[in-house]
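What follows is one structure encoded as structure tokens, with my remarks underneath.
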């Protein structure tokens, strides 16, 4: 295999290539290259298509061709083969060389779409409006862009603060407590109380006694929380009178009524004592008389004659 020759073609090689193209046609480049020592099929094709073909125009580019190239480049970019198809007698290599050598300096940074050739319709570079701070991107892609000396005045360039993003990191051992659920009742609702009364008893009287008992229990509970002592039921002289009034309204023998009352009181006291022992850890419930208070274990109801 002969050594490949790199560099410009000589006039003798150009003449030999013309004769071979006439003989084999402008397609059999592998066969043609075998007759030209040191030249590959690709090199022969490019030399013919870009320089020696009769269809290639060697005259200077006209103003109309320059405008067509500028419009096409704004639309297609560096697709030189596509742009060359829009021109008669111009190859992609010729169009590319003409753009890089001449048109790029003239048209760089301009958008030629919609340009009709007149100076009035030539797009103008967008300038910074008065009073607004300049925007510096640091990227200048065209020769028409400002150089370093144009933006050397750092006093007019706003420095944007850097933004740091922090990713939340879960803390070890963190406990998420449930939100407390508050349940509130309407303050407009009237108080409702349920009480049991014997036949013939006054309902309002029983209601008053129920409210008094509720107030007494609230006072006892607050004293228990404050002093951390065993609570007592207050001894009141009206308790015996209330039972006597209930006994008078009971039909028949009063002894039967007192028996029923005693059983009810025993059951209530037993339940209360059990609850108190449970709250005090199973200890003894009792104590001394203090301010009219007596231990629950010493409360009893005698027979009323």
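Keep in mind that glycine also has a Cβ here, set from the backbone N, Cα and C atoms.
Remember, it's a predicted structure, so these values are computed and weren't measured experimentally.
Looking at the stretches 76-115, 116-155, the one that Swiss-Prot records under the feature region 'Disordered' is 116-155. Within the listed segments 5-28, 29-52, Swiss-Prot records DNA-binding region for the stretch 29-52.
Per Swiss-Prot, the range carrying the annotation region 'Disordered' out of 180-229, 230-279 is 180-229.
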